[in-house]
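Visitor: This structure is in structure tokens; I'll ask about it shortly.
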Ligand SMILES: NC(=O)C[C@H](N)C(=O)O
């Protein structure tokens, strides 16, 4: 079996052999892997595949393996958010997206490594250790869904799910040279996604091609009453797979090409925009003046929400418990001993931002900035169909390079956090390289206009070869 299969390749191989053989060969690849992309594999994967072969399970993804980020609840399969505090936690229920995938016949092959509680841009804060970037084992795969991107880039799963709070799907997709979509806020149910910052995050797919992104979205997208922010706005993702961008109006925001953007990254993105022009689209500059405040607002809001969401991990209900003479001592010891450094930093900063006397100064200010950022997008979409920018300002950095200086790591999120503040959809597609490392083109759309995003991304793929680049075998 060849590596780096698309969903249609997998289906062809299943037809010629069996779903069981396909699943078994992926499990074998995972077993031999040297990138530390998975936190565990699923014991039930082969059973599901056998059921597909017997015709007991059918659906659009019948027999197709999918890797799942470790913060998405999977019934009977450990879900730890790559944190010691959830060691041994096995959810008694499936997240909405998992229910949908199972009903579509997909084979949940395993859980993927991530930054602890999705807090990071490198997967280095995982309690399981970093995942290696398949393009260069000395570099990070991006984060926080680093495992989900790396296993697709390494050919260890055809597709995967990540979650994106401030770039967590798009950043690793860009760093690993795969496609990653963050849907409109409310397009995919968050039921069963362990919350980090719930007003910002969405579950999104990763794959080697746009076609597969659309196929997964058709399964996981749509309304779910169990998530109060789910919106009933059904999109036909696969119908948007049309190779035609004639007349498409592209806005290019200057603010996304600012200080610190790597020159080869910038060139790859401009080359992509020139390609769109050649394909019949037009482009113009657009100003998004509040972009410069987005990063500070994002981190204030994300940390505030995290400090509240993570209060539930206190040793009472799940995970390990430290000894203590009363509940308070037990809970604080459990938290101090089992949350990692980055998570503790964010809980402290978030608690501070929400505390009496500071709330107006930080949290409420950040919410006001959030409104301004949203207005920038509204104005831009009055004149343009999509916006384009580099997903990340630089290619994958070295493991350890930004560990001691968390601010320098936060700064790498400049181009991805505004979309989470605004709730708009965006996709990262491979568009070239910088020093042999993949570069991602970020295409941003208006609320619930995933169809235009998919059409733009698909057309690019049909007219270029960037998405076919694969990491060499790195020793
Ligand atoms: N979760 C994310 O989307 C990643 C972002 N870098 C953060 O740490 O918040």
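Every residue gets a Cβ built from N, Cα and C, even glycine.
The following feature annotations were taken from TrEMBL:
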- 69: active site, charge relay system (ACT_SITE)
- 144: active site, charge relay system (ACT_SITE)
- 168: active site, acyl-ester intermediate (ACT_SITE)
- 21-453: domain 'Amidase' (DOMAIN)
Visitor: According to DSSP, which of helix, strand or coil covers residue 168 (active site, acyl-ester intermediate)?
Guide: coil
Visitor: Indicate the candidate from 144, 168 with the smallest number of other Cβ atoms within 10 Å of its Cβ, considering only these active-site residues.
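Guide: Comparing Cβ neighbour counts within 10 Å for the active-site residues 144, 168 gives 144.
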Visitor: Rounded to an integer, what is the Cα-Cα distance in Å between residue 144 (active site, charge relay system) and residue 69 (active site, charge relay system)?
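Guide: Rounded to a whole number, the Cα-Cα distance is 9 Å.
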Visitor: Pop the Cα-Cα gap between residue 168 (active site, acyl-ester intermediate) and residue 69 (active site, charge relay system) into the table, whole Å please.
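Guide: Their Cα atoms are separated by 11 Å.
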Visitor: Per DSSP, to which secondary structure element type does residue 144 (active site, charge relay system) belong, with helix, strand and coil as the options?
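Guide: The residue in question, residue 144 (active site, charge relay system), is coil (DSSP, three-state).
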Visitor: Helix, strand or coil by DSSP: which one applies to residue 69 (active site, charge relay system)?
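Guide: Once the DSSP labels are grouped into three classes, residue 69 (active site, charge relay system) ends up as strand.
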